[in-house]
Amino acid sequence: MYTSKQPFLKSKQPFSKSKQTFNKSKQPFRKSKQTFRKFKQPFRKSKQPFRRRPRIGPGDRIDYRNMSLINRFISEQGKILSRRINRLTLKQQRLITLAIKQARILSFLPFRNYENEKQFQAQSISIITGSRPRKNRHIPQLTQKYNSNRNLRNNNQNLRNNNRNLSSDC
């Protein structure tokens, strides 16, 4: 049954300003009512276009003998790829890691892929031994000051050591 709103009942006591104290500092600041309101809707990401197919299908068995599956999760150097790169769940990553380790122990997989590792090392060496810019022979004042302070410290250290040696000889 629908009940209508009850009418506002006036209090029997008369309103007196002297009894109530009005303290502005304790009152929270209220903005005036706005005539136009915007209703904000929460931002929802649509998962449809960004949906990626999982790397492990529902029928794939994570086993040390399933080499085609295991090879997807190993880098060119033979290292196990991280979860972030693989996009696997924790449980899947754990099972893959165990399968890779078991395959290595049973010599289905090498511990390292030496062919690709040699290529990788050759590239890194060529980058390091490439043409280097000439060092500037001009030494800034700060470096000279630092070197002179270091020389003074070394000299003082040597003097202290000599004094100790002389006192221990006596």
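Every residue, even glycine, has its Cβ placed from backbone N, Cα and C.
Residues annotated as region 'Disordered' in Swiss-Prot: 1-61 (among others).
Under the heading region '7 X 7 AA tandem repeats', Swiss-Prot lists 4-52.
Per Swiss-Prot, the feature compositional bias 'Polar residues' maps to 13-26.
Summarising the annotation, Swiss-Prot assigns compositional bias 'Basic residues' to 27-55.
Taking H, G and I as helix, E and B as strand and the rest as coil, DSSP gives the region 'Disordered' (149-170) the counts 21 helix, 0 strand, 1 coil. Positions annotated as region 'Disordered' by Swiss-Prot: 149-170 (among others).
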So what pLDDT does the region '7 X 7 AA tandem repeats' (4-52) average out to?
61
